[in-house]
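All remarks here apply to the structure that follows.
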Amino acid sequence: MEDGDDNGHSINDDLRMMGESGDDHDDGGDLGLHDLFGSTAAAPIDLATRDVPGDGGGAGAGAAAANNVPQSSVVPKPRKTKSPAWKDIDPIYTTVGGKSVRTGAICKWCKSNLSANSVVAPAICLGMRVIAKLIARLDLPLTFAESPAFEEYIQLAHNPKFKSVSRQTTTRDLGKYFNDRRSSVHDSLQSASSIAITSDIWSGNAKEDYLSVVAHYVSKDWLLEKKIIGLKLIEVSHNANNIAERVLSVIADWGCTDKVFSVTLDNASSNVKAMDKLKPELSGYVGTLFLHQRCALHVINLIVKCGLKRFKPWLDAFRTAISFLNASNQRIAAYKSYCVAMGVRPRKFGLDMDVRWNSTYLMLKHLLPYKETFDMFLTTQYPRKPGDPELLTPAHWYVAAKLLEFLELFYDATVSLPGVYYPTSPLIMHTILYIAKHLHVYEHDKHIGPAVVPMKNKFLKYWKDIPYLYSIAFILDPRAKLRGFMSSLRLLSQLGVNDYSSYYTDVRAELNMMFNKYDAKFGAVRLQRPTAPTTATSGGLNSLETELTSYLDSDTLQKFDDDFNLLNWWHEHKLTYPVLSILARDVISVPVSTISSESAFSLCGRIIEERRRCLRPEMVEMLLCIKDWELGDARMQHTVEDKEMEAAFENLYLDVEPEAQPPEAL
């Protein structure tokens, strides 16, 4: 049972307050703490007798001394330490009587020398780091911990002896925590066979432009990881030289110049020229075949936007109607009353943004179910001169319904392709095929057809010649292989996209060439692995065939459920295909969009919002990286931006509780 003060408060309560586990069972003795956590009766960490990770002798020696038992008669019993403080201190050993005895420790954070029974310094440092991490994760001001309100809250709710933490101390602790996290991220990057880079440029409200660099890779546990590794202020022209220089400097700072497998950028001409300068510097891994990748979502954006121009007059009428409703609290109240009277859940409607076509889809998606109530409201409330047509006619609603139906496939692609924790490069061939078929179906539609022609031209401009990465990633899906790839090319040819008869041969040649490069680079792994058993689906090897030939000639996998894990399949078959599995891991881990970089700017926008525009660029980078890495630990990096935009259109209901059903549920 742990000791406590008069109110039953202990150091374990303080540790739990900071999100750490208590150490109820291992600590013994009393020690007053008068710094960060006030006066509490706590159990000290006895550095002379407590065990540390990887050290089994200390506990046995201490026990022998405590019980006056000859050391030779005591068998050391190594046990794992439970106190979280041991993560933050390094033991000090002194030779006594020819034996190494632990006599003290050094705090990893403040470098204080600790006596054998000291616990104050690591507890204080732990609290400081937790505050620093909280500020980074919640985009709080650096002065947050020195505010009287925060000090009062901690004193009243947790610890009466708590003292505020200054901005200078918080800044220092943020730097220490960033360096600690950066070291672990660096080790993770170095353990990966390759990394795929995405980069983009953002202009913030503070009139400062930043360039982000994001690394995607497969961890040693065969999990897809994403880490922001750089955010650099770019105060000069966004030309090819400046872009290439900053991207290369970030990659070099992390020691990953010879690990880059691909770089995904948007389709700006400056990025294309920047890649010409980056290719010689980043070709050390396996050459440049896959090095430059264009953002697939940027291509989809260009395709859709050129079609939406044809619907501008129709969409402007809906924007005018929504603006009319939202412009007056009296109108909103009147529309709410009408919805309640009609038995539908009242709500407002969001306006789309010119730069985000998917916001147009969401605007129509949430408006169309309210067609009856909204149309009736406009009929009675919107001012019209005698003889003027209605703002929204039946034709408007019909076109809106057709447009919503047409845009759904493109919207679904923007939701699936930016994924962070599952491979997206094997999906893009499916997306290209679906879009080609979709455009073909709507090409002769009375209302959508005029918009399809320019969309199809834009589609052919970028995807008539399919990038080799898309094709090889598709082939390295065991459910497709060459048979599925040939079928896809045949369908695309029938839809009039291109003649792919020679392209099939080219892809096979490039795949063979790339496998040979990997075999020369990683072939030694075969000698380090036991022989894998032969199965019908894995394709056992004989002395006359390569791994690639065996894989391509084996049967396709018949698993098409949503929970199929492609990366895990290659992990399970890495003994059968020791070299090919490395190639597959690199290829399928390439992101086909720069959304991960754009999402970084969504986080960055909160960090340097109006009240924090004075932050130095170095501090902005630290805060952004810490927040991204924390989200990565929770596997939540891919939900930030998409969910926020959906929520912006969804959470516009006018009642606190759903007293009535939305019209689509009636």
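Cβ from N, Cα, C; glycine included.
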Segment assigned the feature region 'Disordered' in TrEMBL (from 48-83, 156-191): 48-83
Residues in the domain 'HAT C-terminal dimerisation' (547-629) grouped by DSSP into helix, strand and remaining coil: 52 helix, 0 strand, 31 coil
Within the predicted model, mean pLDDT of the domain 'HAT C-terminal dimerisation' (547-629): 86
